[in-house]
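Here's the structure we're looking at; comments come further down.
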Amino acid sequence: MKKKLVLAYSGGLDTTVIIPWLKENYDYDVIAVCVDVGQGTETDGLEEKALKTGAVKYRLVKCEDEFVTDYIYPIVKAEATYEDKYLLGTSAARPLIAKKLVEVALEEGATAIAHGATGKGNDQVRFELTVKALAPNFEIIAPWREWNISSREEEIKYLEDRNIEVPMKKDDSYSRDKNLWHLSHEGLELEDPANMPNYERLLKLSNTIENAPNEGQFVELEFEKGIPTKVDGKTFSPSDLVKYLNEIGGKHAVGIVDLLENRVVGIKCRGVYETPGGTILYAAHREIEHLCLDRETLYFKHVVSHKLTDLVYSGRWFTPLREALCAFIDSTQQTVTGKVKLKLYKGNIIPAGVTSPYSLYNQSLASFTTGELYDHHDAQGFITLFGLPLKVNALMKEQAKKMGLK
C-alpha cells in the first residue's frame, strides 16, 4: 500500500503541474486539498480537475469565517501593515491553510505535505514553518526547489507534453492569489518597476479611480472591543461583513496598492494588491482607536504592531511571541467600542464622524475657552518642568563656550 501525501491544491498552473510531477518522482498517493478562505468561484470544478490530473482524492475545506475571526480580526485590531502599505492578505491566510493541511493529513493517515510555493517566495517559509510547528515529523516536499522547471512557460509545456489541460492562457499569466481579504497580482509588466500597472486589465475586485462613481458613498461601522460588529446598522457573519465591504470599497476604487516589497528571503518584488474591505476596516478602526486610547498606549501599540507584522509576514504565526503580542493587543481593545462614519470617494476614505461611550475626547478641554478642568495658567509650570532639560543643556553650552571649550 502506497504512502499518502497531502498537496496544497489551488487548481492553478503550479499545483496542476505538481500532481503529475509527484507521481513521476515520488511513490505517494496524492490527496489534493483546497482550503477555501474566500477564493469564490475559483474552487468550482477543482475536484474533477484534480482527479483527472492524477490525484487519488480531493478534499475541500471551507473556513471563511474562521479565517476572518481567528486570523483577520487580530491583524485588524493591531492595524498590522507591512512596509506601510500591505495589509497581509496572503500572509494571514497561509498559516490557516497549512494548519488545515496538517489536520487533513492526520485524518487521512498521510505522512507528507507538498506545496507549490517557489524557492524565491515567502510562501515556502510560511507553509513550512507552520507544518514544523504543528506536525514536526511530517516530510515536506517543495517541487520548486527540486525540479528543473524554471519558468511558467516551461510549466505550460510540461502539461502540454502530457496532454493535460493548461489552467491559464499564455498571454494572461499574471500570478494571482485570491482570498476573502485581498487579491494580489504579480508578473508581466509589474516585473519592471518603471512600468505603470495596466489597471484596466489588472483589477478584478475594484474599479479604476477613473471609473469609480462621481458621487461618494457613506458607510457606518460599529465596533465592540476592536472587532467590527455591524455595517450600516446591519449584522453580518464575519465573512459576509468583509464581502460587503469588498463590494462597496471596490466600487469606489478603495484599497488599491502598488508595492515594492522586501521578501523574507531578501529579494525585492513588486505586486499590486486589491484590499477594498480591509482598507475600510483599518481606516474605521484607526478612527475609533484614536478616540479611545491614551497617547502612551497608542504609541506603544504601534511598536507591538510593527513586530507582530514582521512575525505574520514571515510565517511565524504559531509562535509564543505572536500569541503574547496578540494578547497585549487584545488588552488595549477593551474600550475600542463605538461607531465610525466614513465617506468613500474615488480611492479616498474620508472620516465623517466617530462616537464612543469610552471616548477620551473632552470638548471642554479641547476648546479655547477656560473650563473647570483646566486653567491656562497651569501650562506655565508644565512648560517649565518639561523644558528644564533643554534649558540645562543650553546653559551648559554657554558655560563651555565662555571657558573656550568646544
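Positions of Cβ are set from backbone N, Cα and C atoms, glycine also.
The candidate list Gly89, Gly109, Gly116 contains one residue that Swiss-Prot assigns to the ATP site with Ala8, Tyr9, Ser10, Gly11, Gly12, Leu13, Asp14, Thr15, Thr16, namely Gly116.
Using a 10 Å radius centred on the Cβ of Ser184 (L-citrulline binding site) and all shown protein chains, the other Cβ atoms total 20. Rounded to a whole value, the Cα-Cα separation of Thr118 (L-aspartate binding site) and Ala8 (ATP binding site) is 13 Å. Counting other CB atoms no more than 10 Å from each candidate's CB, the binding-site residues Ser10, Ser91 peak at Ser91. Ranked by Cα separation from Ala8 (ATP binding site), the binding-site residues Ser91, Arg126, Ser175, Ser184 are led by Arg126.
Taking each of the binding-site residues Thr16, Thr118 in turn and counting other Cβ atoms within 10 Å of its Cβ gives the largest count for Thr16.
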